[in-house]
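Participant: Here you go, one structure.
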């Protein structure tokens, strides 16, 4: 029987900032409680949606510690802890574990474009440095290189704590290969809200979602409906929220979703450069959709 540890609806959590660019710890705690109440399965701080490239190592540790303490065992915390320098990625992973994370999300090295063997050795060093489960994050659109299915499967077979992949390549052939060839206890999660329905229908385990920031209970409902084969319900939810899924990327993530959360009164609308606020035109479009969905 499968004992997959990483599954269901996971939120790629935003990092709330104050106007002076410091971390808004009160808003951060509020977000954690929001997801506990909504039934979100996994909360992921310090990922791309959390503006991790703009966070110092100390800030990442502090955020993970706050989220873990606020979660208090009621929700799994899988902390973003990746970068493109292997030694630094190992350090971030160790710090995330020390800060209380139940698991780690580690992005494939970006910019330096390693070979597949380089990818393997990168994640080998991380896996050997920590004891918590690791989610390997494949996002070629941001990293510039694809972590192949064969390399992901090799890692999954060789290291017991490499427990899952967040697959955001949009390559359906690669996704199918992972789902068909994976070890029994290895989870395959999509990183695309637009693909939840087909991904779950193919046998996927869940989603690491941007839209779960705004509509956590709905995303979980969609995942469950698709997983259980309730396709009429899943199609209806997908049809209703598809525009929002798309609009969350009308400009660079997490700018649109943070604007939405500010409309919902959850956070202040603040970003760290080089991210800047939405254009007025896109604000109007997104606000109209939020009103249409009854979210504000």
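Cβ atoms are placed via backbone N, Cα and C, with glycine included.
For 48, 111, the entry in Swiss-Prot reads site 'Part of a proton relay during catalysis', with the evidence type sequence analysis. As annotated by Swiss-Prot, pyruvate binding site applies to 49, 208. Among the features that Swiss-Prot reports, active site, proton donor/acceptor is placed at 137. Per Swiss-Prot, active site, schiff-base intermediate with substrate is recorded for 166, and the stated evidence type is sequence analysis.
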Participant: Looking at Cβ-Cβ distances, which residues of the chain lie under 8 angstroms from residue 48 (site 'Part of a proton relay during catalysis') while being 6 or more apart from it?
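Facilitator: Counting only residues 6 or more apart in sequence, the Cβ neighbours of residue 48 (site 'Part of a proton relay during catalysis') under 8 Å are 12, 80, 107, 139, 142, 253, 254.
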Participant: In whole Å, how far is residue 166 (active site, schiff-base intermediate with substrate) from residue 137 (active site, proton donor/acceptor) when you measure between their Cα atoms?
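Facilitator: Taking the Cα atoms only, residue 137 (active site, proton donor/acceptor) lies 5 Å from residue 166 (active site, schiff-base intermediate with substrate).
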Participant: Which residues of the same chain, at least 6 positions away in sequence, have a Cβ lying under 8 Å from the Cβ of residue 111 (site 'Part of a proton relay during catalysis')?
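Facilitator: Set apart from residue 111 (site 'Part of a proton relay during catalysis') by at least 6 residues yet with Cβ under 8 Å, we have 84, 143, 144.
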Participant: Which residues does residue 49 (pyruvate binding site) neighbour through Cβ under 8 Å, counting only same-chain ones at least six apart?
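Facilitator: Looking at Cβ-Cβ distances below 8 Å from residue 49 (pyruvate binding site), excluding near sequence neighbours, one finds 12, 13, 14, 210, 213, 253, 254, 257.
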Participant: Secondary structure at residue 208 (pyruvate binding site) (DSSP, helix/strand/coil)?
Facilitator: strand
Participant: Near residue 166 (active site, schiff-base intermediate with substrate), which residues of its chain come within a Cβ-Cβ distance under 8 Å, counting only those 6 or more away in sequence?
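Facilitator: Residues satisfying the criterion: 105, 135, 136, 137, 138, 139, 189, 190, 191, 208.
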Participant: Counting across all protein chains shown, how many other Cβ atoms sit within 10 Å of the Cβ of residue 208 (pyruvate binding site)?
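Facilitator: By my count, 27.
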